[in-house]
Amino acid sequence: MSSSSAHQKASPPIEEEATEHGPFPIEQLQASGIAALDVKKLKDAGLCTVESVAYSPRKDLLQIKGISEAKVDKIIEAASKLVPLGFTSASQLHAQRLEIIQLTTGSRELDQILDGGIETGSITEMYGEFRSGKTQLCHTLCVTCQLPLDQGGGEGKALYIDAEGTFRPQRILQIADRFGLNGADVLENVAYARAYNTDHQSRLLLEAASMMVETRFALMVVDSATALYRTDFSGRGELSARQMHLAKFLRSLQKLADEFGVAVVITNQVVAQVDGAAMFAGPQIKPIGGNIMAHASTTRLFLRKGRGEERICKVISSPCLAEAEARFQISSEGVTDVKD
């Protein structure tokens, strides 16, 4: 692509500051009588919004160094006045859900079974074997989330945690070109971090929260959410510790989705389940993480290979989507419809 054509590409419509309808910055607690020093202690502990304080268990707040039990009660009271945590009517909830944005996947057929695309404000899990299209779909979403709302985008940046070293900026440039976006701007709007162990992966979420306070993000990707758990925890002896660590990580992801309204997309590896039935039907594959992963995901998608570059996505579980399948294709332009 020549430099002259690059200048003709549209820049993604990203808002540099959080919208007025976004979460309350943690500094808002000062207006409710919380001392600036205590607010700083909350922020240093990774609590960057009033919502994050309101959603935290009291025992977690008590663990913050330098904040007494009396101060914790005062902080909780102040946060609860700013963030409504009580009952609301189903009609109000319905009105709120009508405003939820879906991010296009790049394939109309896939968008159709997802009721418009990947839902913001919730966790979507994609699992499947190697080369089933999980990472390619994540790359495509990093571009489409930056599109205008009327084009199926979220007008926000993307945040990508890479646990397997499979993120490729060149793919982002190719996909941006397909959508007529300036490649350099699109890359600038993707915040990337490589995760090296499960503790590091969790710490990156604290950094992500502070970034989301500063500017609008529409998408957060963790590829893969379980890869490091398979290496950091081994054997049945560490299974309980692994599941507890994974549950806390997934809960932190859900809090980010709740606080900032981002679409959280996590990929998951699979393992072959070999039992007596497998002798006749072949080994069945199941996603890693067990019930903890299954319950944490709002929408669960199973991706598998088709013929050539064709892939098949099946909705496994969702509170609002019917069980259905869609075909899509992986090309140099990312995820597209199958060309028959």
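A Cβ is built for glycine as well, from the same backbone N, Cα and C atoms used for every other residue.
Here is what Swiss-Prot says about this protein:
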type	residues	note
REGION	1-22	region 'Disordered'
DOMAIN	49-78	domain 'HhH'
BINDING	GLY128, GLU129, PHE130, ARG131, SER132, GLY133, LYS134, THR135	ATP binding site
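Projection of Swiss-Prot feature records onto the structure.
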| residue | record | Cβ within 10 Å |
| --- | --- | --- |
| GLY128 | ATP binding site | 23 |
| GLU129 | ATP binding site | 14 |
| PHE130 | ATP binding site | 9 |
| ARG131 | ATP binding site | 12 |
| SER132 | ATP binding site | 22 |
| GLY133 | ATP binding site | 25 |
| LYS134 | ATP binding site | 25 |
| THR135 | ATP binding site | 22 |
I want to verify one value. Collapsing DSSP to three states, which class is GLY128 (ATP binding site)?
strand
Going by DSSP, is GLY133 (ATP binding site) sitting in a helix, a strand, or coil?
coil
What is the average pLDDT across the domain 'HhH' (49-78)?
95
What counts of helix, strand and coil residues does DSSP assign across the domain 'HhH' (49-78)?
21 helix, 1 strand, 8 coil
Starting from the Cβ centroid of GLY128, GLU129, PHE130, ARG131, SER132, GLY133, LYS134, THR135, which together make up the recorded ATP site, report each further residue of the same chain whose Cβ lies within 8 Å of that point, ordered by sequence.
LEU303, LYS305, ARG311
